[in-house]
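K.L.:
To start, I am sharing the structure in question, which I have written as structure tokens.
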Amino acid sequence: MEENGRATGKDDSSLVFAINSQRFELRNLDDPSITLLQFLRSQTSFKSPKLSCGEGGCGACVVLLSKYDPELDKVEDFSVSSCLTLLCSLNGCSITTSEGLGNSKTGFHNIHKRFAGFHASQCGFCTPGMCMSFYGALVNAEKAVDDRPPSSGFSKLTAVEAEKAIASNLCRCTGYRPIADACKSFAGDIDMEDLGINTFWKKGDSVQDKMSRLPLYSPGDGVCDFPEFLKGQGKGGSLSSWIVPGNVEELQRLMKGIDHGNETRVKLVVGNTGVGYYKEEKDGCVERYIDLRYVPELKRIKMDETGIKLGAAVTISTAIKALKKENDEVYQKIAAHMEKVATSFVRNSGSIGGNLVMAQKKHFPSDIATVLLAAGSYVEVLTGEIHERLTLEEFLERAPMGSKDVLVSIEVPKWKASQIGSRLAFDTYRASPRPLGNALAHLNAAFMAEISETSEGSVMSSCRLAFGAYGTKHAIRVKNAEEFLTGKKVTPAVVYETIRLVKSTVVSAEGTSNPEYRSSLAVGFLFNFLSSFMADPFKGNASNGWLNGHSIAPDEDSEATQKSCHDGKSSLLLSSGKQVFQASKENRPVGEAIGKTGAALQASGEAVYVDDIPSPPNCLHGALVCSTKPLARVKDIGFRSNSPPDGVAALISYKDIPKDGENVGSKTMFETESLFADELTRCAGERLAFVVADSQKHADSAANLVVVDYDTESLEPPILTVEEAVKRSSFFNVPPFLQPKPVGDITRGMAEAEHRIINAEMKLESQYYFYMETQTALAIPDEDNCMVVYSSTQCPEYSGAAIAQCLGLPEHNVRVITRRVGGGFGGKAFKSLPVATACALAAHVLQRPVRTYVSRKTDMIMAGGRHPMKISYSVGFKSNGKITALKLDILINAGIALDVSPIIPVHLIGALKKYDFGALSFDIKLCKTNHSSKSAMRAPGEVQGSFIADSVMEQVASTLSLDVDSVKTVNLHSHDSLKLFYGRSCGEPHEYTLTAIWDRIARSSSFNERREMVEKFNRCNLWSKRGISRLPIVFEAGGMATPGKVSILSDGSIVVEVGGIELGQGLWTKVKQMAAFCLSSTNCKDSLLERVRVIQADSLSLIQGGITAGSTKSESSCEAIRLCCNLLVERLVPLMEKLQKETGSVRWEMLISQAYMTSVNLSASSYYVPDFATTRYLNYGAAVSEVEVNLLTGETTILRSDLVYDCGQSLNPAVDMGQIEGAFVQGIGFFMLEEYKTNSEGLVTADSTWRYKVPTIDTIPKQFNVEILSSGHHQNRVLSSKASGEPPLLLASSVHCATRAAIKDARKQLHSWGGLDSSHAMFSLAAPATMPVVKELCGLDSVESYLIWRMDHK
């Protein structure tokens, strides 16, 4: 490899490209399947592109790719997923990473500065990819030829375009709002008042002042010019494994030369994006690639009066641009639909032909195939010397393409009405978990129709009805429905019969999830399309009245009602909102909204995570092998072939544990958990072995080739449900000190009740952490039988103890170092330990450094996640809704090992007690099952407990036909009842702020006025219903014992160590503020904040660090540092007073210099141990959320969420705001989106970004308002502060409750049509309330019921 070499003459056998303007030349590449990301991370110093999913589904690895077009003499720039982009495809290309935009040495780019200034980076792992996605949009906007001259200091991007630029990127920390603000700050049409909290200006500053304080943007800032040495590179020649044909004739010769039987070893490629879905193609099975991008016939775009012809190698993004250029409604709608296919960075490199070939050969659920099928498209296929022109329908229906077949082009004809008086109608549809794409559709559809208008109504002259992605081999046309419709007037009866025909045809294959839902989508989409041709039931004309029609005759102000509910700005932008807080000036810089420490470094990609640490010499890489069986004997583990795969050094299992060691992978205060299964595996996902190889790629590939010989003979069946656990009495014990206590007399409470609900049931499912950085560790053998381990963990202390026990070493022989963690949420606590221990064991056995970066699939299979549970309850209540007694039976699925499950019951009941239930009793069982062990996840137990409490309120209100908000209000605690339920945790009466918050949120959100608007909206709209809900939370928290150390160096700089780990929650930032505040007590005039550096955690440098969890490690770390600083100040003050008498004012440097000269001890350690009597306290908050449910699809749009949360006196309002918003959005994922599914044997099947959907920017509230309530002094808290990391997650239940309210209205309407019986008001809404769940409750046959009702009420 050559870097920065002089430009050489063209060499057809080499690969030349640039990274951040540095020249790279590769002459030999043994593995043609190596990706750009693998090369960047293993062969260069550029580590900003991160591996997170490896599927093109998250955006963490995005870079800017630039290509020079010599014919047009211009450079084309576009963002791509480096995890999918093959290195061999980059000849003549220039790649820019986030470090290339700017960095700490050459100066940060304005994107980096604004991301930092708008608090848009928390853990930071996703931030470089976010910056590059946005930068790609920025560059292309500047190049666009249009009439939009940018305003001075702004770009040509609009605010909507700025938000959409990062709509494909995932973030698990921030909740997206600050990221959107950072991006929108570049938009030429942004109103500065709409931008949120930042470090650039203060409230009340003028627009001019705000603009002047933003880091100045000028087009071209920080752009890496395309290197001149690449301009003569051309398409480049062919390597032995990478062939680049220059025309069809060359391609034909190559295809002809493919040996029979060797077809699978040769692959035609354009963007290689298909491996994001078909991952088996990643495992090195391809020996030769044929690059189709330089075959002119496959890249050509031809437009004429008959239509548009797209070469098969044209990228999806290029096809979209070409279609948009044409002033044609069909093309415009196809383009709009294609913008929802995959992610923007996949569309930029994936080809339209590749998408269709996957649909034809592998039955990929393609959107493109469906919309082009409805548009009557044609394809050209090359087989040998034969060119065939087929309809797309014929192409899809023929046998799968052979290895020597090539898709050459796609033709989309121009459509015109065939006769005077007719009009053409075309529309496309898709239902997916994310409105803007980045998710496979549950079903997609596209319809073409020619309509003739007659005096009697609309007559269907012809039509094409296409459906796809519903669990079928490929998209189809429903021809019997087309034939039935043709020539008929579009009436309710005709639509009903057409729907019946479609429903009988659009039938999912066996094993497809939610088949009835998918059929109902087909009905809903067709009804949506045809309704525009039916006469309005009230006005008598053809309109959309049937679709957006009225359950009653519309009143005059219905339009105004709808407008008032849809703020124009909110409906255009993906997100907007406001943040309200009161910064404290009492303890500066504590209480100020300063930026997160290291945020700009995170944005540029210079912040070092474990996998960014350069590999030591001779380093090996590992991959875990997991069980696929829930209970089985492991007879043998080996590879498919007799010899190990390429690069494999060892296969480590429990047999390799040293004789003095133990099979321990994790240890908690409750028990230890095995590192590897021995002769018996007890759950699917259990670790069986650790493959060690010379690269991570080889290790991962080899792990997929491992064969495990299982035996289940004579074993009992596994326990896979909590019900089975009860039958077989399979439980874990909860220690008495962790058992929650009942409240009051349940028998008396039930006797006082005027109404009762007996044995109501609900279930809550699991949730995956989805930290952006998966589990990772690096273990390095050291002298004297020691081991240094770098681990992404929330608890280095426990990691060191587990490793030492496994290796049979004293703990002082194991040093665990953690600088930062790329997201944790509880999943990097005890679940990180086995990963670090496996690396340490392999390093110990092989006496070589060993590292691993766990693949997303393996991580998801092992993680365990949040605790699922089954709840049964009986509740007694008065006629006004006041509850007198609640009795619960709860079965918690803890999985196979105890982990930290014993804490779940007390956490659950703690949050559930937020209402005054009169009397409360419960029987909670921790069920031991053959599932992977569950662990703590953000607000463990609390989120379920709070949800259960609100669900009880919902059922009580439904039973009494009362407004649920009034039932919640009547059951709010007084301080006396609070004290009964929570004991001394409740604090003094003035600290109980919930009732004030309850009233405050009603006022600030206009709750009562909006309830009336929601009611009016629902009366005026048939197929959309809104719901609004208000709910409170009470969250019990407590301080944690935490060590700290502060040292002042000779130049006055300050180094701080704490037991808490920086996970993205801003712990380092708050600690810096605390150190600066406390040391300022020396009365020096200098600001000390920038002198403070917090350094990485080291398990041997600062012991008893414990675990960073429970939301209070930040405040506890701050208090530990306060104690240290107080000691230092006590030592420095006498010297300070002496110097002041001698010289007057004293600078900090002088003070410290004199302290060194007089041998003052300038290092202080402490161990903060909270007072047991006052450590526990309550956090309060409330939320109002409003949603809109599409009754045809079940899609829920969160229109607005308002939060008020009591932070006491915030240590840093910007950090706490980020925690509140991020927690809330993660809660939306739990309640509305995320399905952590397993198969019948307990093996996780939701094991990728394709199958597991976390919130994206298009699924958060359209309007997101947060107020941090400063509730005064709390003498037992750290500078009166309160926790913010976990409690706000509970508030997301307001979205679920609002959805339930909308469904309730929909069911009432369905009942009026005869589609439901009189029990329609009593129903249970599952969590997550996904689209299929919501649609089923709104009525899978609602369209049919409506049409029948309409026909019966002519």
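Including glycine, each Cβ sits where the backbone N, Cα and C put it.
These numbers come from a predicted model, not from an experiment.
Copying in the features that TrEMBL gives for the protein in this structure:
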type	residues	note
ACT_SITE	Glu1286	active site, proton acceptor
BINDING	Cys53, Cys58, Cys61, Cys83	[2Fe-2S] cluster 1 binding site
BINDING	268-275, 351-355, Asp367, Leu407, Arg430	FAD binding site
DOMAIN	235-417	domain 'FAD-binding PCMH-type'
K.L.:
Within 10 Å of Asn355 (FAD binding site) by C-alpha distance: pick out those among the recorded positions Cys53, Cys58, Cys61, Cys83, Glu1286, and say none if nothing qualifies.
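P.N.:
For Asn355 (FAD binding site), the recorded positions whose Cα atoms are within 10 Å come to none.
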K.L.:
Quick one: give me the count of other CB atoms within 10 A of the CB of Asn272 (FAD binding site).
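P.N.:
Its Cβ shell of radius 10 Å holds 25 other Cβ atoms.
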K.L.:
Counting across all protein chains present, how many other Cβ atoms fall within 10 Å of the Cβ of Leu268 (FAD binding site)?
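P.N.:
Counting Cβ neighbours of Leu268 (FAD binding site) within 10 Å gives 22.
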K.L.:
Other residues near the [2Fe-2S] cluster 1 site, CB within 8 A of the CB centroid of Cys53, Cys58, Cys61, Cys83?
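P.N.:
Here the non-site neighbours turn out to be Leu37, Lys50, Leu51, Ser52, Gly54, Glu55, Gly56, Gly57, Gly59, Ala60, Ser81, Gly129, Thr1249.
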K.L.:
So how many other Cβ atoms are close to Asn355 (FAD binding site), meaning within 10 Å of its Cβ?
P.N.:
26
K.L.:
Going by Cα-Cα distance, which of the recorded positions (Cys53, Cys61, Cys83, Glu1286) sits nearest to Gly274 (FAD binding site)?
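P.N.:
Among Cys53, Cys61, Cys83, Glu1286, Cys83.
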K.L.:
To see if you understand the setup: which same-chain residues, six or more apart in sequence, place their Cβ under 8 Å from that of Glu1286 (active site, proton acceptor)?
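P.N.:
In sequence order, Arg938, Ala939, Glu942, Phe1035, Ala1037, Gly1110, Ser1111, Ala1223 meet the Cβ cut-off.
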K.L.:
Do me a favour and check the Cα-Cα span between Cys83 ([2Fe-2S] cluster 1 binding site) and Asn272 (FAD binding site); whole Å is fine.
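P.N.:
For Cys83 ([2Fe-2S] cluster 1 binding site) versus Asn272 (FAD binding site), the Cα atoms are 10 Å apart.
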K.L.:
Name the residues of the same chain, 6+ apart in sequence, whose Cβ is under 8 Å from the Cβ of Cys58 ([2Fe-2S] cluster 1 binding site)?
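P.N.:
Listed in sequence order: Ser52, Cys126, Gly129, Asn169, Leu170, Met772, Thr1249.
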K.L.:
Rounded to an integer, what is the Cα-Cα distance in Å between Val270 (FAD binding site) and Cys53 ([2Fe-2S] cluster 1 binding site)?
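P.N.:
Distance (Cα to Cα, whole Å): 21 Å.
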K.L.:
Let me spell it out: for each of the binding-site residues (Cys53, Cys83, Val270, Leu407), count the other Cβ atoms within 10 Å of that residue's Cβ, using every protein chain shown. Which one has the most?
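P.N.:
By the 10 Å Cβ neighbour count, Cys83 comes out on top.
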K.L.:
Per residue, counting other C-beta atoms within 10 angstroms of the C-beta, which of the binding-site residues Gly274, Gly353 reaches the highest number?
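P.N.:
In terms of Cβ crowding, the pick is Gly353.
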K.L.:
Limited to the domain 'FAD-binding PCMH-type' (235-417), I'd like the whole-number average of pLDDT.
P.N.:
92
K.L.:
Have a look at the binding-site residues Leu268, Ser351, Gly353 and say which one has the shortest Cα distance to Cys61 ([2Fe-2S] cluster 1 binding site).
P.N.:
Ser351
K.L.:
In sequence order, which residues at least six apart in the same chain have a CB under 8 Å from the CB of Ser351 (FAD binding site)?
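P.N.:
Looking at Cβ-Cβ distances below 8 Å from Ser351 (FAD binding site), excluding near sequence neighbours, one finds Val270, Gly271, Leu292, Ala312, Ala313, Val314, Thr315, Ile316.
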K.L.:
What's the CA to CA span in angstrom from Cys53 ([2Fe-2S] cluster 1 binding site) over to Leu268 (FAD binding site)?
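P.N.:
Distance between the two Cα atoms comes out at 24 Å.
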